[in-house]
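S.K.: The disulfide bond feature in TrEMBL is assigned to CYS157-CYS190, CYS158-CYS174. Sequence annotations record features per position, and here TrEMBL assigns transmembrane segment to 25-48, 60-88, 94-119, 237-262.
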Amino acid sequence: MARRAPAPAGPLGDDFSFVSPVAKYVLFFFNLLFWMISMVMVAVGVYARLLKHAEAAMACLAVDPAILLIMVGILTFLITFCGCVGSLRENICLLQTFSICLTVVFLLQLAAGVLGFVFSDKARGKVSELINGAIVHYRDDLDLQNLIDFGQKEFSCCGGVSYKDWSQNMYFNCTATNPSRERCSVPFSCCLHDTDQAVINTMCGHGMQARGYLEASAFIHTNGCIDKLVNWIHSNLFLLGGITLGLALPQLVGIVLAQLLINQIRDQIKLQLYNQQHRADPWY
C-alpha cells in the first residue's frame, strides 16, 4: 500500500514569534546599564563645570576634563537611548541607528589606535602640544591642575620635556620681569618626597628653574613626562591591549545583538504579512 504524502505545513500561529526574548532583553538591559552610566557622566561633568569661574570656563575648553566628560556622556546617552527604545519597542530604525553609531565609534577607535602606532612620532608631537597647553593653563582650571599633579607624582616627572617647560606658565615664568612670587618655580608635584614625611612642603619647588639639572635633581624630578609616558606605554602594552579589548568587546556584543534582533524582527514582519494574506486568501 502506497504511503500518502504529508500535508503541506500551514501558516504559523499568531502567537508565534521569531523575536527571541533573550536577545531582546539582554540588549535592552545592556543598553540600560550604559544609559544610566552616561547620565552620571553628564551630571558629574555639568556639576564640575558649574563649580568653575566664568573666566576659567573660557580659558581652556580644549583641555577641560569636564567638557570631555560631558561630550562622551551625551554621545553615550544618545546611542544607548536608541538601543534601549529600539530593543524594547522592536523598532528596526532605532536599532539600525544604534548599530551604525556603535560601528562608527568602534572603527574610529580602531583607526586611532592604528594611526597612533604607525605615526608614533606625530602622536608624540600631539601629546607634547597637549602637555604644553596644559602647563600654560595650569592655574586656570582646578581639575586640570589636579590632573597634572597626579600625572607628575605617578610618573615621577616634571614638565613636558624637562622641568624648565614650566617657564611657559605665566606664574612660573623665569624671566626677570615676571612679578609673580612663583617666578622660576615648579609645582610641588615635581618634588622628591620622603615617604616618612608627614606634611608636604608645597614650596619645595621654589626657584628650581634657576638651578642647573644636577643641582635641581637633588630636590625635584628633572625628567619630562613625555619620555616617562612613552616608556610606561612600552612597558605595559599587554595591559593597554587588555583595556582596549575590554572596551571593544561590549561594543561588538551590542552590534551583534542589534543585528540579530533586526533580522528576527524582519522575519516576524514577513510572518505577519503572510498570515494576513493567508486569512484574506486561503488558497495563497
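The backbone N, Cα and C atoms fix where each Cβ goes, and this holds for glycine too.
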S.K.: Using a 10 Å radius around its CB, how many other CB atoms surround CYS190 (disulfide bond)?
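M.R.: Neighbour count, Cβ to Cβ under the 10 Å cut-off: 25.
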S.K.: How many other Cβ atoms sit within 10 Å of the Cβ of CYS174 (disulfide bond)?
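M.R.: The answer is 15 other Cβ atoms.
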S.K.: Check each residue in the chain of CYS158 (disulfide bond) that is at least six apart in sequence and keep those whose C-beta is under 8 Å from its C-beta; list them in sequence order.
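M.R.: Residues satisfying the criterion: GLN152, TRP166, VAL186, PRO187, SER189, CYS190, ILE220, HIS221, THR222, ASN223, GLY224, CYS225.
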S.K.: Using a Cβ cut-off under 8 Å and a sequence separation of 6 or more, which residues in the same chain sit near CYS157 (disulfide bond)?
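M.R.: Counting only residues 6 or more apart in sequence, the Cβ neighbours of CYS157 (disulfide bond) under 8 Å are GLY151, CYS190, HIS221, ASN223, GLY224, CYS225, ASP227, LYS228.
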